[in-house]
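Under the heading domain 'SLC26A/SulP transporter', TrEMBL lists 14-387. Residues or ranges marked as transmembrane segment by TrEMBL: 42-58, 89-106, 118-136, 171-190, 202-221, 265-283, 304-327, 347-376, 397-428.
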Amino acid sequence: MAFFSIPTFASAKRDLPAGLVVFLVALPLCLGIALASGAPAFSGIIAGVIGGLVISFFSGSELSVSGPAAGLAVIVATAIGKFGTFETFLMAVMLSGILQMLISFLRAGSLGNYIPHGVIKGMLAAIGITIIMKQIPHALGYDKGFTDEEQAFAGADWVHIFTDPFHAVQAFHPGAVTIALCSLAILVLWELKAIKRQKWTGIVPAALICVILGIALNAVFGSVAPSIQLLGSNDHLVNLPVADSLMGFFGQFTMPDFSAVTNPLVWQTALTITAIGSVETLLSIEASDKMDPEKRISNSDRELLAQGIGNTISGFIGGLPITSVIVRSSANIYAGGRTRLSSMVHGLLLLLSVLLIPALLNMIPLACLAAILLVVGYKLSSIKLIRTTYHEGWSQFLPFIVTTVVVVATDILAGVAAGLLVSIFFVMKSNHHAAFSMVNDGNSFLLRFNKDISFVNKTALKRHLRSVPAESSLIIDGAKAQYIDHDIYETLHDYELSATFRNISIELHHVHGKERPWRNKG
């Protein structure tokens with residue numbers, strides 16, 4: 001397995017413009033996801049830069065774009081609140097990167113395929129709902145001291161912002177609400193088919209228009225209605241550090257608290273980031289491969305190695321956890337990107353923006369970033385998604401809804417575990433009903449094994465065997481089973497002993513030797 005790829009310039013005329021488009025899409029998302037995570041805005045930019053300049057170099061995909069992901073925002077916000085310091089959380093990010101590299105070396109990249117889609121969609125829907133709940137206060141202008149109040153709007157308590165008049169009056173800021181509503185209008189407008197058909201919408205992302213409009217509206221407020229202008233001193237604007245020199249810029253990076261490596265909660269968080277981030281990455285590169293005009297197949301183990309390297313570096317210098325993200329990857333493909341060079345260009349532009357124009361970025365209102373995240377949250381948990389999953393049947397919908405509810409009510413690991421249990425129940429139920437078929441002609445019975453038979457089918461087998469009346473003949477045909485579990489042989493052996501007392505004759509066809517002989521013939 002090659003560990004890295006040197007970018008080629010054969011498709012530079014396509015990759016350079018695509019990199020610019022991805023940068024324009026990624027910039028507001030990097031800032032917005034940092035906001036949703038309760039982390040410094042600079043940490044989102046760091047993650048985006050590493051996703052572009054480092055992960056792209058090692059990636060197993062030519063078109064995947066990596067950076068901070070909305071799917072991890074809830075985990076990050078919860079962990080930072082739990083640890084009390086950002087530096088402790090960075091240790092968890094570093095460890096998650098090391099774990100991802102270990103998974104890659106063990107060639108375990110296919111493990112993500114064993115998580116049912118219903119559970120994954122439920123997890124993402126719950127994350128979307130939580131993002132919406134956490135961004136409503138920002139959209140209303142409730143930014144003052146928000147980090148300390150983050151938990152006040154988690155879970156069911158977020159409803160108080162609508163039901164409690166005191167909170168509503170306190171939260172409502174006319175300038176923020178105006179900017180948020182205008183941004184939402186643009187984002188909704190960009191989703192209309194008539195607008196999507198316009199070629200220029202693929203070059204000018206809606207999120208960028210929201211940011212430009214937010215800055216412009218806030219400047220207008222400052223001229224005509226200063227009382228509703230959003231000010232950085234009131235925590236209403238992006239707050240990136242502004243360096244006065246190159247050394248000052250490097251001084252902005254934050255290193256992890258290495259003493260936290262012995263904290264069990266840090267390891268628990270690292271495992272959660274590893275699991276969720278790896279699954280999201282694998283899903284993203286699978287989707288990217290489907291959209292790839294050249295139909296290339298990405299190497300999932302190499303991609304996890306790249307993500308592990310990126311997360312280790314990101315945690316070491318103060319960045320958020322990174323995954324491959326489908327929004328930026330699809331923007332890359334639709335903009336004409338053909339190789340990893342486009343992702344590297346986007347990472348370089350992110351680095352230059354925070355180096356050269358941090359003061360301009362600090363003019364971005366949090367309200368317009370909140371609007372962008374509200375739409376991201378809705379896309380993860382849309383009515384259409386719920387309706388589609390419902391029509392796929394209870395075996396998909398019940399794990400989906402259980403995962404969603406439990407994640408929102410507790411945490412992601414508990415929700416995924418609950419969803420997996422429900423999915424396993426449906427698998428066992430399906431095996432229970434489909435494993436056997438039995439027909440009879442009078443007192444002559446034929447029991448067929450329709451598939452491989454394991455211990456989970458033992459109850460159904462016993463039920464069929466009990467239904468055979470005394471004074472009958474029974475043929476058991478295992479031709480369709482390639483494997484028969486030891487427990488099944490034991491059950492058949494026990495049944496043979498009891499059948500002699502009921503005068504039932506038994507013939508076995510194609511049953512022996514598929515695990516071991518079910519009785520000692522010597």
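Every residue, even glycine, has its Cβ placed from backbone N, Cα and C.
Automatic prediction, not curation, is the source of TrEMBL annotations.
In this chain, the transmembrane segment (118-136) lies close to the transmembrane segment (347-376): three or more C-beta pairs between them fall below 8 angstroms, excluding pairs fewer than 6 positions apart.
Looking at 42-58, 89-106, 171-190, 265-283, 304-327, the range that has the most CB pairs within less than 8 A of the transmembrane segment (347-376) turns out to be 171-190. Within the model, the domain 'SLC26A/SulP transporter' (14-387) shows a mean pLDDT value of 85, rounded to a whole number. Against the transmembrane segment (265-283), stretch 89-106 has more CB pairs under 8 A than any other of 89-106, 171-190, 397-428.
Of the two recorded stretches, the transmembrane segment (89-106) does not lie close to the transmembrane segment (397-428), with fewer than three CB pairs under 8 Å once pairs fewer than 6 apart in sequence are set aside.
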